[in-house]
Structures are given as C-alpha cells and as structure tokens.
Amino acid sequence: MGLRYSKEVRDRHGDKDIEGRVPMTLNLPQGLYGRFNCKSCWFVNKGLIACGDHYLCLGCLTRMLSRTDFCEICSKPLPKKIIFEDSPSAPPYEP
C-alpha cells in the first residue's frame, strides 16, 4: 500500500510529490503513542492512573475493576486508590 492521491490532485500535479508535504515516518515522538496514553483505549489525558509499567484512563480502570481485580494488560493488581502527584496550579489562598 503506497501513498495515493485523489484523481483531482494527480491531474493537477501529476505523480510527483507535492512541495511542502512532510512524509509521515514511524519515528514519532513517544508522546503520541507512548507511556502517557491509556494502554487499553489509547486515550491521551493528563489524568491517567499508573498501573504497573503503563497507564490507564479512569474509564478503562473502572471497566477492568468491574470484571476483575487484576490488570488485563500486565496481570498486576489494579490500583484501587488514586494518588495525585501534581501540586495544585492555583496559588495558595492568602486573606
């Protein structure tokens, strides 16, 4: 399977590559597919929950906990307590 253009683009530009188009490679940054995505549904979110050596979103964690106490991906016990490691972004209240 190669890259295919629509008939309109081929008629206008021929079979040559269009200038300014950047080819997609498999060397994507880890942020697009890596550890900060839910390994069950690949949802990207800052509110992911650590499970073993990967992360799960709250929806997938809830679904897995309704079926079993162990992770379906890494077979380790699922987290039952959420620990927030980031400090609040708002400044402290000073009256």
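Glycine residues also receive a Cβ, built from the backbone N, Cα and C atoms like all the rest.
Annotated N-myristoyl glycine per Swiss-Prot: Gly2, in sequence order, evidence recorded as sequence analysis. Here Swiss-Prot flags 88-91 as motif 'PTAP/PSAP motif'. The zinc finger annotation in Swiss-Prot covers 38-74.
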Other parts of the chain folded back onto the zinc finger (38-74), taken as Cβ under 8 Å at six or more residues beyond its ends: 80, 82
DSSP-derived helix, strand and coil totals, residue by residue, for the zinc finger (38-74): 10 helix, 9 strand, 18 coil
Within the predicted model, mean pLDDT of the zinc finger (38-74): 86
